[in-house]
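The annotation domain 'Myosin motor' is assigned in TrEMBL to 12-147. What TrEMBL records for 105, 106, 107, 108, 109, 110, 111, 112 is ATP binding site.
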């Protein structure tokens, strides 16, 4: 797992803030293409996550990866939806206030899947009880309604 994450450090620029040719849209698109070709569908723009829908299932959403991103500084690991979920979850817990994650995109961009991944991360990171499991299942089943 760690080896896979380390490999991702060397393909394109992980954060567009660090892109040398930031004034040209072509450089932005070229970086996305380079990363997408290697199944690296996530790239940051500072604290914002850009996601490109791969239109197939990737093996980057499991309990091992959730644990890898759990309680880790935001830029310490490669871009991932779990990093966004972890930052939101930790803010919610530490500051005891509501947190919003805005998911935007065209039809078919993967907004519903992104919502499910965030909810799955939060459910996996929460203390489990019977009531929580019931609420978790309701939330995961309600994601089509959230659209």
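Positions of Cβ are set from backbone N, Cα and C atoms, glycine also.
Keep in mind the model is a prediction, meaning the values are calculated, not measured.
Features as recorded by TrEMBL, highlighted on the structure.
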residue: 105; record: ATP binding site; CB count, 10 Å: 13
residue: 106; record: ATP binding site; CB count, 10 Å: 8
residue: 107; record: ATP binding site; CB count, 10 Å: 5
residue: 108; record: ATP binding site; CB count, 10 Å: 9
residue: 109; record: ATP binding site; CB count, 10 Å: 14
residue: 110; record: ATP binding site; CB count, 10 Å: 19
residue: 111; record: ATP binding site; CB count, 10 Å: 18
residue: 112; record: ATP binding site; CB count, 10 Å: 14
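The ATP site is set by 105, 106, 107, 108, 109, 110, 111, 112; from the centre of their CB atoms, other residues of the chain with a CB within 8 Å are 53. For the domain 'Myosin motor' (12-147), the mean pLDDT of the prediction comes to 88.
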